[in-house]
Amino acid sequence: MTSPLPYRIGYGEDAHRLEAGRSLVLGGVTVPDAPHGAVAHSDGDAVLHAVADALLAGLALGDIGQYFPDTAAEWRGLDSRVIVARALELVRERGYAPVNVALVVTLDRPKLGPLRTDIARSVAALLALPEAEVGVSFKTSEGLAPAHVQVRVSALLARVEPAE
Ligand code: C5P
Ligand code: MG
């Protein structure tokens, strides 16, 4: 079903528990020297999971678990860029494209400031957007959730093909 709305807002969230000895991947960027990484069925990239959910939510297409069930053996260790690519494809099939996204990562450590540009660039490339259209904010949990990463993403989608 297509929608006549010229713009649609999407919002997505994801969270993962963090454990020592695992790699921490955020927005397709591996955080160097991270003291812990996501416990997950896929690569645990909470940024990309939340981005994909924001895209799907913008068109009321459900969430990534419906397309990539975390109980399915075939998705074990999945590169989350595949999830975003699929969500983007579904958005495009309906005549829309992302315009800009804003993401907030809540993580106590390590500090991510030095990776802000890398993450923006990586997410922008996956969405075929200019880097300036990807806002990246970092917050600590102030020690409330030291073994936890939480990501929140809003996305604006615009109709790029006329409604049928
Ligand atoms: O959460 P809080 O307001 O204390 O964050 C202070 C600053 O630390 C923010 O400017 C944020 O960009 C930065 N930060 C970071 N990496 C994190 C968490 C916060 O660079 N993992
Ligand atoms: Mg996830």
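Cβ from N, Cα, C; glycine included.
Taken from TrEMBL, the feature divalent metal cation binding site applies to ASP14, HIS16, HIS49. Listed in sequence order, ALA38, VAL39, ALA40, GLY44, ALA46, HIS148, VAL149 are the same-chain residues six or more apart from HIS16 (divalent metal cation binding site) with CB atoms under 8 A from its CB. DSSP assigns HIS16 (divalent metal cation binding site) to a strand in the three-state reduction.
In the three-state DSSP scheme, ASP63 (4-CDP-2-C-methyl-D-erythritol 2-phosphate binding site) is classed as coil. Sequence-distant contacts (6 or more apart, same chain, Cβ under 8 Å) of ASP63 (4-CDP-2-C-methyl-D-erythritol 2-phosphate binding site) comprise GLY12, ASP53, LEU56, ALA57. The annotation 4-CDP-2-C-methyl-D-erythritol 2-phosphate binding site is assigned in TrEMBL to ASP14, ALA15, HIS16, HIS41, SER42, ASP63, ILE64, GLY65.
The annotation domain '2-C-methyl-D-erythritol 2,4-cyclodiphosphate synthase' is assigned in TrEMBL to 8-153.
For HIS41 (among others), the entry in TrEMBL reads site 'Transition state stabilizer'. Counting only residues at least six positions away in the same chain, the Cβ atoms of ASP70, TRP75, ARG76, LEU78 sit under 8 Å from the Cβ of HIS41 (4-CDP-2-C-methyl-D-erythritol 2-phosphate binding site).
Spatially close to THR140 (site 'Transition state stabilizer') yet at least six residues away along the chain are THR106, LEU107, ASP108, ARG109, judged by Cβ distances under 8 angstroms. According to TrEMBL, the site 'Transition state stabilizer' annotation covers THR140 (among others).
Residues near ALA15 (4-CDP-2-C-methyl-D-erythritol 2-phosphate binding site) in space but far in sequence (CB under 8 A, at least 6 apart, same chain), listed by position: ALA46, HIS148, VAL149, GLN150, VAL151. For HIS49 (divalent metal cation binding site) paired with GLY65 (4-CDP-2-C-methyl-D-erythritol 2-phosphate binding site), the C-alpha to C-alpha distance reads 10 Å.
Other C-beta atoms found within 10 angstroms of the C-beta of ILE64 (4-CDP-2-C-methyl-D-erythritol 2-phosphate binding site) number 25, with every protein chain shown included.
With a 10 A radius on its CB, GLY65 (4-CDP-2-C-methyl-D-erythritol 2-phosphate binding site) counts 11 other CB atoms from all the protein chains. In this structure the C-alpha atoms belonging to ILE64 (4-CDP-2-C-methyl-D-erythritol 2-phosphate binding site) and ASP14 (divalent metal cation binding site) are separated by 11 Å.
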